[in-house]
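Per Swiss-Prot, the features are as follows:
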- 12-70: domain 'TRAM' (DOMAIN)
- 83, 89, 92, 171: [4Fe-4S] cluster binding site (BINDING)
- 295, 325, 346, 391: S-adenosyl-L-methionine binding site (BINDING)
- 418: active site, nucleophile (ACT_SITE)
């Protein structure tokens, strides 16, 4: 091993070499980024502006992974993580950064990405955040399960960069109404002795525990995700939970036999109570099932819908609002409640079924939902005078969707993105000089405090043909 002084190192470091570095930024996983002799160095638990002695661990392509040996200088934005297992758990990556520090970091990252990938130098509004809800904001948990060869059940999220489970009995980012069940359910699952393996590497059995809560109604839905229905005493255990906790409205078993990155399967079996819970969202009553996609941060989702409705308020009620990638109607239904006629487009049939059910539940007859390939449906339904709302998955817009927008040129477009990189790519094609639109506003939203994720709403207006 070489000495700890930089002068004794060759231009290409070796594992075990030690140097002093200063952190320049964080990567998308929350790891510190630094440079040494033109090499990118990745080291955990280091914030921008902090310096430390690090030890090189291994080379990965044109980067070096390193571990922090000793902190030399810290920044004022560092804080003790609210969670005692934050340094090990892969669920949250920046709990050690203050709430204000997280806001500044995310604002800067969004600006860098839009400028680098989209050549977009537009004003970005202050991040829509709520420091009072930086913890306890998640309305849903999907927690891996594993029983080892000694029969001990492990329940928790994965250790950073591995499939090893870090046990937990509470999680600070989960709604406290979820937290209260974790320890008791874990104890009961331990006693039941059912096999459990989240990634099916050792056979069939339980894979995940799911808990969903209506943050306004406090109703709870508990789900066991399993690769098999052969779990002795399952119904009795479900009935016992149902009678033990009045807030629990349903217990379900979701079957997921596939070894992929999808936690939930398509088949859900009712064990006790009801298949759905009620949640109040933007003055509407919504039914949510085990597999319903619903924003995990209810209050922030309401705030972004409010922003959209405010933006729409100057539009004539005679136009159509086309909501592409509408899901269960989280955006469509509140807009319809203001009087606009809304057409929702969605690929997944189950989501459309729930959207129609929720429209009927709220007596909204000015909204309709169509199931199919969104790019094909949009080409058939979009008109020039319409307002288009886009809420695509992380991969962004299909090229056919962009071609349809550029061909028909609806008057206004709202694009809610969960990935700034694909947002930058898509906006570059829609904005002058490549397209007919100008940006009215870029509004970032922090749906996931304590993580590196940032979402952004782009509001566009047609200015040329």
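Any Cβ shown, glycine's included, is placed from N, Cα and C.
A quick note: this is a predicted structure, and the numbers were derived from the prediction, not measured.
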- Note on the structure: CA-CA within 10 A of residue 418 (active site, nucleophile), subset of binding-site residues 89, 171, 346, 391 in residue order, equals 391
- Query: Relative to the Cα of residue 391 (S-adenosyl-L-methionine binding site), which of the binding-site residues 83, 89, 92, 171 has the closest Cα?
  - Reply: 92
- Query: Taking the Cα atoms as reference points, how far is residue 346 (S-adenosyl-L-methionine binding site) from residue 92 ([4Fe-4S] cluster binding site) in Å?
  - Reply: 30
- residue 171 ([4Fe-4S] cluster binding site): tally of other CB atoms within 10 A of its CB: 22
- Hey, of the binding-site residues listed (346, 391), which one tops the CB count within 10 A? 346
- Query: Quick one: mean pLDDT on the domain 'TRAM' (12-70)?
  - Reply: 94
- DSSP-derived structure type at the residue listed as 'active site, nucleophile', helix or strand or else coil: coil
- Give the residue counts of the domain 'TRAM' (12-70) per reduced DSSP state, in the order helix, strand, coil. 0 helix, 35 strand, 24 coil
- Item | In the chain carrying residue 325 (S-adenosyl-L-methionine binding site), residues 6 or more apart in sequence that have Cβ under 8 angstroms from it | 345, 346, 347, 374, 390, 391, 392, 393
- Note on the structure: Cα of residue 83 ([4Fe-4S] cluster binding site) to Cα of residue 295 (S-adenosyl-L-methionine binding site), in Å and rounded, measures 23
- Which one of these recorded positions, 92, 418, has the sparsest Cβ neighbourhood, judged by other Cβ atoms within 10 angstroms? 418
- Note on the structure: In three-state DSSP terms, residue 391 (S-adenosyl-L-methionine binding site) is classed as coil
